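*Asks:* Straight from Swiss-Prot, here's the annotation block:
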BINDING   14, 202, 204, 238  Mn(2+) binding site
DOMAIN    5-268  domain 'Pyruvate carboxyltransferase'
REGION    393-518  region 'Regulatory domain'
């Protein structure tokens, strides 16, 4: 039995199967390099027999990866195994993963075979794969719905034929943790040659049990977990790599000191890369890598966090590669959180009136939702009764985009009460053309860090909400725009961010005047 947990990543095989559009070879290689830096022990990167494109991507990754074992999938069919071996032969180290269904439903309805036939096919497949490599994994597809006697029988036969890893998948996410743990315990205790192989688990999340089942399996003797970044995969997805890795790291008391060799500080970066390349947004409340995973909004929680981080944080954001936790300022935040944000921006309590600031903050939070640091500064130092209206407002916007030609836009705004207009040509799409026009009017330089479009409602009357993050002079500003037209909502989001920049500049000017004694 292995001393540590082997992490078998299948983002580029099982994960990619769930995508609406296939990744390019270049994109797959980019993810493979990221997985190698992350420290996965094995990466399953494709199913070579399925297409020429998959064969090419497996071969390309196998040629370039040096520190992780590269694996390819094959059915228990000679031509599949031969194709996998051909694609993998250029690798530093490789594994052939062969599988066959074992549940009565699959054997009878899909394969139209007997279980005895399936055992023979498994033996032949493992032996053929061993002609190419001494690292062969065998999987019992739909083991979660296979009788334990049959699982033990075919696992014993596969190991005798040369399998070095035996995988017990909950292919359709059917098992509950106690059931799955019992299956693994039976394999551990009833298969006489189990000491010659590693038990692997591959869980799907149809009932939301993938992580729990994988961890229960480890407690019962499994030593390899098959998983994907962000849990992407067929239907409801696979076990999420980041969840099992951080659970084992955080709760080593429950796993007898077992660990993985994953460099956890790479988790956030790899998660974001996979999300972007696969065009699969991460839900905000996703464990470990969601944008809210280390965000605290409750006033009671924020007060506890200010006093001692461990009150509401069982692992640090730094442990997955984030800089720090976020104390989100909302209407539920207390004085302690507001004071803490001001302190982190370098302000002493004597610089402002906390009671007045908190009162103004609550009014803004009720209206706006989340309040950012630059909002807090404006509340603290700008008299809201004396002209804190937006300096920049949108009057007119038109744009034109013709195939194969640069986009153009006309924008008219009101800046400090004066109407100004600008024509922009040469934009990379209508939104870019509008942004170029607005920035030309304001003279501001900024970098777009994030642009996110979501639909509010359904049908022709749906609104498009654009959320952006821009960087200006080393500081980040947020903007939100809402309109039925995407170009207009994009323009309103940028104008919203620009007004935040203007308020921040006003605060800076007030501070300079105070220092100068003016």
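Each residue's number is its place along the chain shown, starting with 1.
Backbone N, Cα and C define each Cβ position, glycine as well.
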*Asks:* Taking the mean position of the Cβ atoms of 14, 202, 204, 238 as the Mn(2+) site, which residues outside that list, in the same chain, have a Cβ no more than 8 Å away, listed in sequence order?
*Replies:* 10, 169, 171, 203, 210, 226, 227, 228, 233, 234, 237, 239
*Asks:* Would you please pick out, from the binding-site residues 202, 204, the one with the fewest other Cβ atoms within 10 Å of its Cβ?
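*Replies:* Lowest Cβ count within 10 Å among the binding-site residues (202, 204) is 204.
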*Asks:* Which one, from the binding-site residues 14, 238, has the smallest tally of other C-beta atoms lying within 10 Å of its C-beta?
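*Replies:* Per-residue Cβ counts within 10 Å for the binding-site residues 14, 238 bottom out at 14.
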*Asks:* Treating G and I as helix alongside H, and B as strand alongside E, what does DSSP give for the region 'Regulatory domain' (393-518) in helix, strand and coil?
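*Replies:* Summed by class, the stretch gives 47 helix, 56 strand, 23 coil.
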